[in-house]
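**Student:** Submitted below is the structure of interest, expressed as C-alpha cells.
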Amino acid sequence: MGSGEPNPAGKKKKYLKAALYVGDLDADVTEDMLYKKFRPAGPLRFTRICRDPVTRSPLGYGYVNFRFPADAEWALNTMNFDLINGKPFRLMWSQPDDRLRKSGVGNIFIKNLDKSIDNRGLFYLFSAFGNILSCKVVCDDNGSKGYAYVHFDSLAAANRAIWHMNGVRLNNRQVYVGRFKFPEERAAEVRTRDRATFTNVFVKNFGDDMDDEKLKELFSEYGQTESVKVVRDASGKSKGFGFVRYETHEAAQKAVLDLHGKSMDGKVLYVGRAQKKIERLAELRRRFERLRLKEKSRPPGVPIYVKNLDESIDDEKLKEEFSSFGSISRAKVLTEVGQGKGFGVVCFSSFEEATKAVDEMNGRLVGSKPLHVTLGQARRRW
C-alpha cells in the first residue's frame, strides 16, 4: 500500500519503526535486488520477498528492515513510487498489528477516476488531508480500473478528504469519494434497496428442453418482459438456469410469488430476485468462512509423513495407497508449480491405524521409488 508524509515524533509508535512494506513488486524482483535498491538509504538488517508457502512463487510484496528508524523514514519519504525492475513500487510502514486495517477506520473509496491517475498522483492529491497509511489505484492488465482506496491514520483525516474531494472534477471527470464499506455491508445495502425495486428474475431447475421462447411464454403472463435468456454452455446445451427482465418491479414480484416452487416436468422451479454480483460474492465469502470454521473445528487426527514419492503420485493415488490401513481424513502431496515435491502427508483417524501404515509402508516400492514413512505429531495441524 502507499506511504505517508513525514511524521511528527512519536507518531509511528504503533508501527514497527524501522521496517517498511514494499508492494506492487515485479515477479522477478529478488531479496538481493531489494537490498541493493534500499542500501543507499542506510544500513539494513534484512530484506524479504514474500512467497507462496507451497509453490514458492513471489506474491508481489516484501519487506525492508532498516537498522535505524530515521533511515526507514527517509526511504519512505523519498523513494516511494521509485522503479525497480522497470515497475514502480509502493512503500508504507510495516504494521504487524493489522487491527487498524481490518477495522476500516480512516479508509475511503474513490471511483470514476481518470485512467491517467496512478498511485503517485493519488497519493499527492490526498496527502493534504492527513497522514496516509496506504494508497492504491486498482489496476488490471489494461491499467487503472477507475477506482482506488486511501487509508488515513485517523477518521478525522478521512472525513476531511471526503468533505473536500467528493464531487470534485479531476481531469474532466467528477469523482465520488466516500467512506469505505466492507463487501458484506455493501451487499446488505444493495439487497435492501433491490428488494423494493428489482425487475430482474433468476430462474433455475428447469428441463433441458427449455429455450428462450418457452421461458418467455411462461413468464409473459405476469407482465411485459424486456429480455429473456436461457444460459447455455459452449456446445449450446442448457445449463438449467436463466434470467427474465421485466419492465416493472410489480410484474417481477408477481412472477416470483406465483412461480417459485411450482412443479414443471417433474422438477420444482426456483424463481427469485436476481442477485447483484456483490451479493453473490458476499454469499461466497460467508460459505467459505463457514467451511473454514468447520475445518478448524475438526480434530486433526494422526498424520504420517511420506517422503521420496514418485512424481506420478497425486493426492488421490496417495490416499489409495494408504486406504487399506484405516480411515483417512486427508491425503495431500505437496506440490511446486504443478510438480510433486516428493513429500506428502496422510492423516488417519487413530494412532493404531497410523502406526500400522508406517510399519507396512516404510520401504515399500511405490511407482519407481521406495517410500520413507514416519509418524507425525497428532497435535499439529497441516
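Cβ coordinates come from backbone N, Cα and C, glycine included.
Pulled the feature table from TrEMBL, pasting it below:
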| type | residues | note |
| --- | --- | --- |
| DOMAIN | 18-96 | domain 'RRM' |
| DOMAIN | 106-182 | domain 'RRM' |
| DOMAIN | 199-276 | domain 'RRM' |
| DOMAIN | 302-378 | domain 'RRM' |
**Student:** With pairs closer than 6 in sequence left out, are the domain 'RRM' (199-276) and the domain 'RRM' (106-182) joined by 3 or more CB pairs under 8 Å?
**Tutor:** no
**Student:** How many helix, strand and coil residues does the domain 'RRM' (302-378) contain under DSSP?
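**Tutor:** Within the domain 'RRM' (302-378) the tally stands at 22 helix, 33 strand, 22 coil.
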